[in-house]
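Trainee: As annotated by TrEMBL, FAD binding site applies to ASP55, GLN63, TYR68, ALA108, ASP314, THR355. Sequence annotations record features per position, and here TrEMBL assigns compositional bias 'Basic and acidic residues' to 350-359. According to TrEMBL, the feature compositional bias 'Pro residues' maps to 371-380. Marked as domain 'FAD/NAD(P)-binding' by TrEMBL: 27-328. Annotated region 'Disordered' per TrEMBL: 345-380, in sequence order.
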Amino acid sequence: MDATAVPGPGTSARGPGTEADPEIVADLAVVGAGPAGLYAASCAGFRGLSTVLVDALAEPGGQIAALYPEKRIYDVAGRAAVRGRELVGELVAQAAAFDPVWLLGRTATTLTPGDRGGWLVGLDDDGRGAPRAGRSSRAARIRAGAVLVTAGLGRPTPRSLPALRPFEGRGVAYHVPRLEEHRGRDVVVVGGGDSAVDWALALAPLAASVTVVHRRRAFRAHEYSVKQMYASGVRVLTDTQVTRLHGTDRVQQVTVEDRDGQVTVLPAQAVVAALGFATSLGPLAGWGLATEDRLIAVDRAMRTSLPGVYAAGDICTYEGRVPLISVGFGEAATAANHAAVALRPGARLAPEHSTDREPTPPAEPVAPHGPAAPTPEPSA
Ligand SMILES: Cc1cc2nc3c(=O)[nH]c(=O)nc-3n(C[C@H](O)[C@H](O)[C@H](O)COP(=O)(O)OP(=O)(O)OC[C@H]3O[C@@H](n4cnc5c(N)ncnc54)[C@H](O)[C@@H]3O)c2cc1C
(Lines of atoms letter the chains of each structure in order from A; the text may use other names.)
(Lines give C-alpha, C1' and ligand atoms only; values in the text may rest on other atoms or scores of the structure.)
Protein backbone atom coordinates (compact mmCIF):
# COMPACT_ATOMS: atom_id res chain seq x y z
CA MET A 1 0.00 0.00 0.00
CA ASP A 2 1.41 3.36 -1.01
CA ALA A 3 0.06 5.76 1.55
CA THR A 4 1.67 8.69 -0.25
CA ALA A 5 -0.19 8.35 -3.54
CA VAL A 6 -3.14 10.61 -2.76
CA PRO A 7 -3.59 13.36 -2.10
CA GLY A 8 -0.41 15.15 -3.02
CA PRO A 9 1.82 17.14 -0.70
CA GLY A 10 0.25 20.22 0.70
CA THR A 11 -3.08 19.47 -0.93
CA SER A 12 -5.81 21.62 0.50
CA ALA A 13 -8.66 19.64 2.06
CA ARG A 14 -11.47 19.95 -0.42
CA GLY A 15 -14.81 18.57 -1.43
CA PRO A 16 -18.06 20.05 -0.22
CA GLY A 17 -19.38 16.65 0.76
CA THR A 18 -22.73 17.24 -0.86
CA GLU A 19 -24.81 14.33 -2.09
CA ALA A 20 -23.25 14.84 -5.51
CA ASP A 21 -19.74 14.89 -4.04
CA PRO A 22 -19.79 12.68 -0.98
CA GLU A 23 -16.04 12.66 -0.57
CA ILE A 24 -13.66 15.01 1.16
CA VAL A 25 -9.96 14.81 0.28
CA ALA A 26 -7.11 15.62 2.64
CA ASP A 27 -3.52 14.72 3.35
CA LEU A 28 -4.32 13.56 6.86
CA ALA A 29 -7.53 12.31 8.45
CA VAL A 30 -7.41 12.69 12.24
CA VAL A 31 -9.95 10.43 13.95
CA GLY A 32 -10.73 11.89 17.38
CA ALA A 33 -10.67 15.58 18.31
CA GLY A 34 -9.53 15.15 21.89
CA PRO A 35 -6.37 16.92 23.05
CA ALA A 36 -4.11 14.56 21.07
CA GLY A 37 -6.11 14.94 17.85
CA LEU A 38 -6.45 18.72 18.18
CA TYR A 39 -2.74 19.13 18.74
CA ALA A 40 -1.98 16.72 15.89
CA ALA A 41 -4.05 18.91 13.55
CA SER A 42 -1.91 21.94 14.34
CA CYS A 43 1.34 19.94 14.04
CA ALA A 44 0.16 18.60 10.67
CA GLY A 45 -0.92 22.07 9.57
CA PHE A 46 2.47 23.40 10.55
CA ARG A 47 4.00 20.88 8.16
CA GLY A 48 1.70 22.09 5.39
CA LEU A 49 -0.63 19.10 5.47
CA SER A 50 -4.33 19.56 4.90
CA THR A 51 -6.28 17.95 7.69
CA VAL A 52 -9.77 16.69 8.42
CA LEU A 53 -10.69 16.29 12.09
CA VAL A 54 -13.49 13.83 12.87
CA ASP A 55 -15.17 13.38 16.22
CA ALA A 56 -18.22 11.42 17.26
CA LEU A 57 -19.07 14.07 19.83
CA ALA A 58 -20.71 17.35 18.88
CA GLU A 59 -17.88 19.42 20.31
CA PRO A 60 -14.12 19.01 20.30
CA GLY A 61 -12.01 18.30 23.38
CA GLY A 62 -12.46 14.57 24.00
CA GLN A 63 -12.55 13.47 27.62
CA ILE A 64 -11.72 16.98 28.82
CA ALA A 65 -14.78 18.56 27.20
CA ALA A 66 -17.07 15.61 27.89
CA LEU A 67 -16.08 14.75 31.43
CA TYR A 68 -14.30 17.58 33.20
CA PRO A 69 -14.54 20.93 31.41
CA GLU A 70 -14.65 22.87 34.69
CA LYS A 71 -11.80 21.08 36.43
CA ARG A 72 -8.37 22.57 36.70
CA ILE A 73 -5.54 20.59 35.17
CA TYR A 74 -2.17 21.00 36.87
CA ASP A 75 0.14 18.86 34.77
CA VAL A 76 0.09 20.37 31.30
CA ALA A 77 3.55 21.70 30.48
CA GLY A 78 3.83 25.46 30.72
CA ARG A 79 0.49 25.89 32.50
CA ALA A 80 0.60 25.92 36.29
CA ALA A 81 -3.16 25.38 36.29
CA VAL A 82 -5.59 25.50 33.41
CA ARG A 83 -9.30 24.87 33.38
CA GLY A 84 -10.31 22.04 31.03
CA ARG A 85 -12.55 24.32 28.99
CA GLU A 86 -9.78 26.86 28.56
CA LEU A 87 -7.23 24.27 27.47
CA VAL A 88 -9.66 22.92 24.87
CA GLY A 89 -10.39 26.45 23.65
CA GLU A 90 -6.68 27.08 23.12
CA LEU A 91 -6.13 23.74 21.41
CA VAL A 92 -9.05 24.47 19.09
CA ALA A 93 -7.59 27.90 18.29
CA GLN A 94 -4.17 26.38 17.65
CA ALA A 95 -5.65 23.81 15.26
CA ALA A 96 -8.05 26.30 13.64
CA ALA A 97 -5.11 28.49 12.66
CA PHE A 98 -4.36 25.87 10.00
CA ASP A 99 -7.94 25.71 8.74
CA PRO A 100 -8.75 22.02 9.13
CA VAL A 101 -12.15 20.66 8.10
CA TRP A 102 -14.21 19.86 11.20
CA LEU A 103 -16.47 16.83 11.08
CA LEU A 104 -18.07 16.88 14.49
CA GLY A 105 -20.92 14.63 15.53
CA ARG A 106 -19.58 12.16 12.97
CA THR A 107 -18.25 8.68 13.76
CA ALA A 108 -15.46 7.18 11.69
CA THR A 109 -16.85 3.73 10.97
CA THR A 110 -14.65 2.06 8.35
CA LEU A 111 -11.10 2.13 7.06
CA THR A 112 -10.43 0.74 3.59
CA PRO A 113 -7.50 1.09 1.22
CA GLY A 114 -8.02 3.79 -1.41
CA ASP A 115 -8.06 2.67 -5.03
CA ARG A 116 -5.28 5.18 -5.81
CA GLY A 117 -3.34 4.61 -2.59
CA GLY A 118 -3.95 6.16 0.78
CA TRP A 119 -7.07 5.37 2.77
CA LEU A 120 -10.80 5.86 2.73
CA VAL A 121 -12.37 6.59 6.09
CA GLY A 122 -16.11 5.91 6.10
CA LEU A 123 -18.30 8.16 8.23
CA ASP A 124 -21.67 7.70 9.77
CA ASP A 125 -24.35 9.70 8.02
CA ASP A 126 -25.94 11.57 10.90
CA GLY A 127 -23.90 14.77 10.85
CA ARG A 128 -25.45 17.14 13.34
CA GLY A 129 -25.58 20.89 13.19
CA ALA A 130 -23.59 23.37 11.19
CA PRO A 131 -20.28 24.96 11.99
CA ARG A 132 -20.26 28.40 13.56
CA ALA A 133 -16.78 29.05 12.28
CA GLY A 134 -14.26 27.10 10.32
CA ARG A 135 -15.03 24.59 7.60
CA SER A 136 -17.25 21.57 7.87
CA SER A 137 -18.71 19.03 5.49
CA ARG A 138 -21.45 16.45 5.18
CA ALA A 139 -19.14 14.09 3.30
CA ALA A 140 -19.81 10.38 3.67
CA ARG A 141 -16.13 9.52 3.53
CA ILE A 142 -12.64 10.98 3.67
CA ARG A 143 -9.98 10.14 1.12
CA ALA A 144 -6.67 10.72 2.90
CA GLY A 145 -3.04 10.03 2.23
CA ALA A 146 -2.55 9.10 5.88
CA VAL A 147 -4.77 8.48 8.88
CA LEU A 148 -4.01 9.33 12.50
CA VAL A 149 -6.19 7.60 15.07
CA THR A 150 -6.48 9.68 18.25
CA ALA A 151 -9.72 8.09 19.46
CA GLY A 152 -8.77 7.96 23.14
CA LEU A 153 -11.01 5.61 25.04
CA GLY A 154 -13.43 5.54 22.14
CA ARG A 155 -16.68 7.39 22.31
CA PRO A 156 -17.55 7.47 26.01
CA THR A 157 -21.00 6.06 26.80
CA PRO A 158 -22.26 7.14 30.21
CA ARG A 159 -23.35 4.45 32.65
CA SER A 160 -26.87 4.98 33.88
CA LEU A 161 -29.55 3.54 36.15
CA PRO A 162 -33.07 2.45 35.13
CA ALA A 163 -34.55 5.05 37.47
CA LEU A 164 -32.65 7.87 35.73
CA ARG A 165 -33.34 7.07 32.08
CA PRO A 166 -36.91 8.44 31.81
CA PHE A 167 -35.58 11.90 32.72
CA GLU A 168 -32.47 11.95 30.53
CA GLY A 169 -32.25 15.42 29.00
CA ARG A 170 -35.06 16.55 31.31
CA GLY A 171 -32.96 17.27 34.34
CA VAL A 172 -30.76 14.16 34.31
CA ALA A 173 -27.30 14.75 32.86
CA TYR A 174 -24.09 12.73 32.80
CA HIS A 175 -21.72 15.62 33.09
CA VAL A 176 -21.81 19.31 33.83
CA PRO A 177 -20.78 21.33 30.80
CA ARG A 178 -21.59 24.62 32.49
CA LEU A 179 -21.72 25.00 36.24
CA GLU A 180 -23.76 28.22 35.95
CA GLU A 181 -26.78 26.27 34.66
CA HIS A 182 -27.18 24.88 38.15
CA ARG A 183 -27.09 28.16 40.03
CA GLY A 184 -29.92 28.20 42.56
CA ARG A 185 -30.98 24.62 41.85
CA ASP A 186 -31.28 21.66 44.17
CA VAL A 187 -28.86 19.18 42.65
CA VAL A 188 -28.55 15.45 43.39
CA VAL A 189 -25.23 13.93 42.36
CA VAL A 190 -25.22 10.14 42.02
CA GLY A 191 -21.96 8.21 42.35
CA GLY A 192 -18.93 7.66 44.55
CA GLY A 193 -15.90 8.26 42.36
CA ASP A 194 -13.77 11.31 41.63
CA SER A 195 -16.23 12.79 39.17
CA ALA A 196 -19.14 12.64 41.62
CA VAL A 197 -17.16 14.24 44.43
CA ASP A 198 -15.58 16.84 42.13
CA TRP A 199 -18.93 17.87 40.66
CA ALA A 200 -20.42 18.10 44.15
CA LEU A 201 -17.58 20.35 45.30
CA ALA A 202 -17.80 22.51 42.19
CA LEU A 203 -21.58 22.89 42.46
CA ALA A 204 -21.76 23.51 46.21
CA PRO A 205 -20.96 27.25 46.09
CA LEU A 206 -23.67 28.09 43.55
CA ALA A 207 -26.43 25.47 43.86
CA ALA A 208 -29.28 25.92 46.36
CA SER A 209 -28.38 22.47 47.72
CA VAL A 210 -26.19 19.56 46.70
CA THR A 211 -26.84 15.99 47.84
CA VAL A 212 -24.48 13.14 46.93
CA VAL A 213 -26.12 9.71 46.80
CA HIS A 214 -23.73 6.76 46.84
CA ARG A 215 -24.76 3.13 47.04
CA ARG A 216 -21.68 2.10 49.05
CA ARG A 217 -20.33 3.31 52.38
CA ALA A 218 -16.85 4.27 51.18
CA PHE A 219 -16.01 6.64 48.33
CA ARG A 220 -13.53 5.70 45.61
CA ALA A 221 -12.62 9.37 45.13
CA HIS A 222 -9.40 10.90 46.41
CA GLU A 223 -9.35 10.97 50.20
CA TYR A 224 -8.60 14.69 50.26
CA SER A 225 -11.57 15.51 48.03
CA VAL A 226 -13.88 13.34 50.13
CA LYS A 227 -12.78 15.20 53.28
CA GLN A 228 -13.42 18.50 51.51
CA MET A 229 -16.88 17.30 50.49
CA TYR A 230 -17.85 16.37 54.06
CA ALA A 231 -16.60 19.78 55.22
CA SER A 232 -18.33 21.71 52.44
CA GLY A 233 -21.96 21.55 53.48
CA VAL A 234 -22.82 19.00 50.80
CA ARG A 235 -25.35 16.47 52.10
CA VAL A 236 -23.89 12.96 51.75
CA LEU A 237 -26.10 9.86 51.72
CA THR A 238 -24.10 6.62 51.64
CA ASP A 239 -25.40 3.03 51.45
CA THR A 240 -28.26 4.63 49.56
CA GLN A 241 -29.73 4.08 46.11
CA VAL A 242 -31.87 6.19 43.82
CA THR A 243 -35.14 4.32 43.31
CA ARG A 244 -37.36 6.80 41.49
CA LEU A 245 -37.50 10.21 39.90
CA HIS A 246 -40.61 12.36 39.88
CA GLY A 247 -41.67 15.29 37.75
CA THR A 248 -43.79 16.28 34.80
CA ASP A 249 -41.75 18.01 32.08
CA ARG A 250 -38.58 17.93 34.13
CA VAL A 251 -37.39 16.18 37.22
CA GLN A 252 -38.61 17.74 40.47
CA GLN A 253 -37.90 15.14 43.14
CA VAL A 254 -35.73 12.10 43.71
CA THR A 255 -36.67 9.19 45.93
CA VAL A 256 -33.77 7.37 47.57
CA GLU A 257 -33.70 4.33 49.83
CA ASP A 258 -30.96 3.32 52.21
CA ARG A 259 -29.84 -0.17 53.20
CA ASP A 260 -32.28 -0.27 56.12
CA GLY A 261 -35.22 0.52 53.85
CA GLN A 262 -35.50 4.14 54.99
CA VAL A 263 -37.03 6.19 52.14
CA THR A 264 -36.25 9.88 51.61
CA VAL A 265 -37.66 12.23 48.97
CA LEU A 266 -35.21 14.94 47.92
CA PRO A 267 -36.06 18.10 46.01
CA ALA A 268 -34.07 18.12 42.76
CA GLN A 269 -34.27 20.27 39.68
CA ALA A 270 -31.13 18.55 38.40
CA VAL A 271 -29.57 15.11 38.76
CA VAL A 272 -25.94 14.59 37.79
CA ALA A 273 -25.25 10.90 37.22
CA ALA A 274 -21.52 10.47 37.73
CA LEU A 275 -21.45 6.70 37.44
CA GLY A 276 -18.57 6.43 35.03
CA PHE A 277 -18.38 5.81 31.34
CA ALA A 278 -18.17 2.59 29.38
CA THR A 279 -15.65 2.79 26.60
CA SER A 280 -14.79 0.54 23.71
CA LEU A 281 -12.92 0.74 20.44
CA GLY A 282 -16.30 0.55 18.73
CA PRO A 283 -16.01 0.50 14.95
CA LEU A 284 -12.22 0.85 15.15
CA ALA A 285 -12.05 -2.74 16.36
CA GLY A 286 -12.85 -3.86 12.81
CA TRP A 287 -10.12 -1.80 11.12
CA GLY A 288 -7.55 -4.61 11.16
CA LEU A 289 -5.07 -2.72 13.36
CA ALA A 290 -2.85 -4.81 15.62
CA THR A 291 -3.91 -4.30 19.23
CA GLU A 292 -2.63 -5.09 22.71
CA ASP A 293 -5.06 -5.08 25.61
CA ARG A 294 -7.69 -3.54 23.30
CA LEU A 295 -5.41 -0.58 22.47
CA ILE A 296 -3.67 0.09 19.18
CA ALA A 297 -0.06 -1.06 19.15
CA VAL A 298 2.40 1.50 17.77
CA ASP A 299 6.13 1.72 17.17
CA ARG A 300 8.35 4.64 18.16
CA ALA A 301 7.20 6.66 15.15
CA MET A 302 3.56 6.09 16.22
CA ARG A 303 3.06 3.83 13.22
CA THR A 304 0.41 1.14 13.54
CA SER A 305 0.48 -2.23 11.82
CA LEU A 306 -1.11 -0.66 8.70
CA PRO A 307 1.08 1.50 6.42
CA GLY A 308 0.16 5.17 6.52
CA VAL A 309 -1.99 4.71 9.62
CA TYR A 310 -0.71 6.23 12.86
CA ALA A 311 -2.10 6.34 16.39
CA ALA A 312 -1.46 8.70 19.31
CA GLY A 313 -2.97 9.55 22.68
CA ASP A 314 -4.84 7.19 24.98
CA ILE A 315 -5.89 4.87 22.14
CA CYS A 316 -2.31 3.74 21.53
CA THR A 317 -0.09 1.50 23.56
CA TYR A 318 3.57 0.63 23.92
CA GLU A 319 5.65 -0.52 26.83
CA GLY A 320 5.73 2.06 29.58
CA ARG A 321 3.09 4.42 28.16
CA VAL A 322 1.66 6.92 30.67
CA PRO A 323 -1.95 7.99 29.95
CA LEU A 324 -1.60 11.75 30.29
CA ILE A 325 -2.55 14.71 28.13
CA SER A 326 1.08 15.81 27.98
CA VAL A 327 2.18 12.40 26.73
CA GLY A 328 -0.50 12.48 24.02
CA PHE A 329 0.80 15.88 22.85
CA GLY A 330 4.27 14.45 22.29
CA GLU A 331 2.87 11.44 20.48
CA ALA A 332 0.70 13.66 18.30
CA ALA A 333 3.74 15.70 17.26
CA THR A 334 5.72 12.56 16.50
CA ALA A 335 2.89 11.02 14.47
CA ALA A 336 2.15 14.18 12.48
CA ASN A 337 5.79 14.72 11.57
CA HIS A 338 6.29 11.10 10.53
CA ALA A 339 3.10 11.32 8.46
CA ALA A 340 4.46 14.49 6.83
CA VAL A 341 7.64 12.70 5.82
CA ALA A 342 5.71 9.67 4.53
CA LEU A 343 3.52 11.97 2.44
CA ARG A 344 6.47 14.02 1.20
CA PRO A 345 9.37 11.71 0.53
CA GLY A 346 12.58 13.64 0.97
CA ALA A 347 11.15 16.00 3.61
CA ARG A 348 13.09 16.35 6.85
CA LEU A 349 11.63 14.65 9.89
CA ALA A 350 12.50 17.55 12.20
CA PRO A 351 10.15 20.47 11.51
CA GLU A 352 11.46 24.01 11.30
CA HIS A 353 11.19 25.84 14.60
CA SER A 354 7.82 27.50 15.01
CA THR A 355 9.63 30.58 16.32
CA ASP A 356 11.19 31.02 12.87
CA ARG A 357 7.80 31.31 11.24
CA GLU A 358 6.03 34.63 10.72
CA PRO A 359 3.32 35.67 11.08
CA THR A 360 2.37 33.64 14.10
CA PRO A 361 -1.03 31.89 13.97
CA PRO A 362 -3.94 33.92 15.36
CA ALA A 363 -4.47 33.39 19.07
CA GLU A 364 -8.23 33.99 19.05
CA PRO A 365 -10.08 30.78 19.93
CA VAL A 366 -12.50 29.59 17.29
CA ALA A 367 -15.75 27.83 18.12
CA PRO A 368 -15.90 25.43 15.19
CA HIS A 369 -19.26 23.80 15.54
CA GLY A 370 -22.47 23.41 17.47
CA PRO A 371 -23.95 25.16 20.44
CA ALA A 372 -21.56 23.84 23.04
CA ALA A 373 -18.28 24.79 21.39
CA PRO A 374 -15.67 25.70 23.98
CA THR A 375 -15.09 29.29 24.95
CA PRO A 376 -11.99 30.23 26.86
CA GLU A 377 -12.11 31.78 30.25
CA PRO A 378 -9.27 32.81 32.49
CA SER A 379 -8.03 30.19 34.88
CA ALA A 380 -8.10 31.21 38.48
C1 LIG B 1 -12.04 12.92 35.26
C2 LIG B 1 -10.73 12.89 34.50
C3 LIG B 1 -9.70 13.73 34.90
C4 LIG B 1 -8.50 13.71 34.20
N5 LIG B 1 -7.49 14.54 34.63
C6 LIG B 1 -6.31 14.56 33.95
C7 LIG B 1 -5.25 15.42 34.36
O8 LIG B 1 -5.38 16.17 35.35
N9 LIG B 1 -4.10 15.41 33.62
C10 LIG B 1 -3.92 14.59 32.53
O11 LIG B 1 -2.87 14.65 31.90
N12 LIG B 1 -4.90 13.74 32.14
C13 LIG B 1 -6.09 13.71 32.82
N14 LIG B 1 -7.07 12.84 32.43
C15 LIG B 1 -6.81 11.96 31.28
C16 LIG B 1 -6.91 12.74 29.98
O17 LIG B 1 -8.20 13.35 29.87
C18 LIG B 1 -6.70 11.79 28.80
O19 LIG B 1 -5.38 11.25 28.90
C20 LIG B 1 -6.82 12.55 27.48
O21 LIG B 1 -8.12 13.10 27.32
C22 LIG B 1 -6.55 11.61 26.30
O23 LIG B 1 -6.64 12.38 25.14
P24 LIG B 1 -6.89 11.73 23.71
O25 LIG B 1 -6.94 12.86 22.76
O26 LIG B 1 -5.94 10.63 23.49
O27 LIG B 1 -8.33 11.02 23.80
P28 LIG B 1 -9.77 11.52 24.28
O29 LIG B 1 -9.68 12.72 25.14
O30 LIG B 1 -10.43 10.31 24.83
O31 LIG B 1 -10.48 11.94 22.91
C32 LIG B 1 -10.78 10.97 21.95
C33 LIG B 1 -11.90 11.47 21.06
O34 LIG B 1 -12.07 10.53 19.99
C35 LIG B 1 -13.44 10.44 19.68
N36 LIG B 1 -13.70 9.18 19.00
C37 LIG B 1 -13.52 7.93 19.47
N38 LIG B 1 -13.85 7.01 18.54
C39 LIG B 1 -14.24 7.72 17.45
C40 LIG B 1 -14.69 7.36 16.16
N41 LIG B 1 -14.78 6.08 15.77
N42 LIG B 1 -15.05 8.34 15.30
C43 LIG B 1 -14.96 9.66 15.66
N44 LIG B 1 -14.52 10.04 16.87
C45 LIG B 1 -14.16 9.10 17.75
C46 LIG B 1 -14.14 10.55 21.03
O47 LIG B 1 -15.48 11.01 20.86
C48 LIG B 1 -13.24 11.57 21.76
O49 LIG B 1 -13.74 12.89 21.63
C50 LIG B 1 -8.29 12.84 33.10
C51 LIG B 1 -9.34 12.00 32.69
C52 LIG B 1 -10.54 12.02 33.38
C53 LIG B 1 -11.65 11.11 32.92
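Every residue gets a Cβ built from N, Cα and C, even glycine.
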Trainee: Which has the fewest other Cβ atoms within 10 Å: ASP55, ASP314, the binding-site residues listed?
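Mentor: The binding-site residues ASP55, ASP314 were compared, and ASP314 has the fewest Cβ atoms within 10 Å.
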Trainee: Quick one: average pLDDT across the domain 'FAD/NAD(P)-binding' (27-328), no decimals.
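Mentor: Mean per-residue confidence for the domain 'FAD/NAD(P)-binding' (27-328): 92 out of 100.
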Trainee: Can you tell me whether DSSP puts TYR68 (FAD binding site) in helix, strand or coil?
Mentor: coil
Trainee: Of all the binding-site residues given, GLN63, THR355, which residue's CB has the most CB neighbours within 10 A?
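Mentor: Compared across GLN63, THR355, the most Cβ atoms within 10 Å surround GLN63.
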Trainee: Any idea what DSSP makes of ASP314 (FAD binding site), helix, strand or coil?
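Mentor: The residue in question, ASP314 (FAD binding site), is helix (DSSP, three-state).
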Trainee: Of ASP55, GLN63, TYR68, THR355, listed as binding-site residues, which ones have a Cβ less than 6 Å away from ligand 1?
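Mentor: Among the binding-site residues listed, those whose Cβ sits under 6 Å from ligand 1 are ASP55, GLN63, TYR68.
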Trainee: Over all shown protein chains, what is the count of other CB atoms within 10 A of the CB belonging to ALA108 (FAD binding site)?
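Mentor: Other Cβ atoms within 10 Å of ALA108 (FAD binding site): 27.
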Trainee: I'd like the number of other C-beta atoms within 10 A of the C-beta of TYR68 (FAD binding site), please.
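Mentor: Its Cβ shell of radius 10 Å holds 21 other Cβ atoms.
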Trainee: What does DSSP say about ASP55 (FAD binding site): helix, strand or coil?
Mentor: strand
Trainee: How many angstrom lie between the most widely spaced Cα atoms of the FAD binders ASP55, GLN63, TYR68, ALA108, ASP314, THR355?
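Mentor: 35 Å is the greatest Cα spacing among the residues binding FAD.
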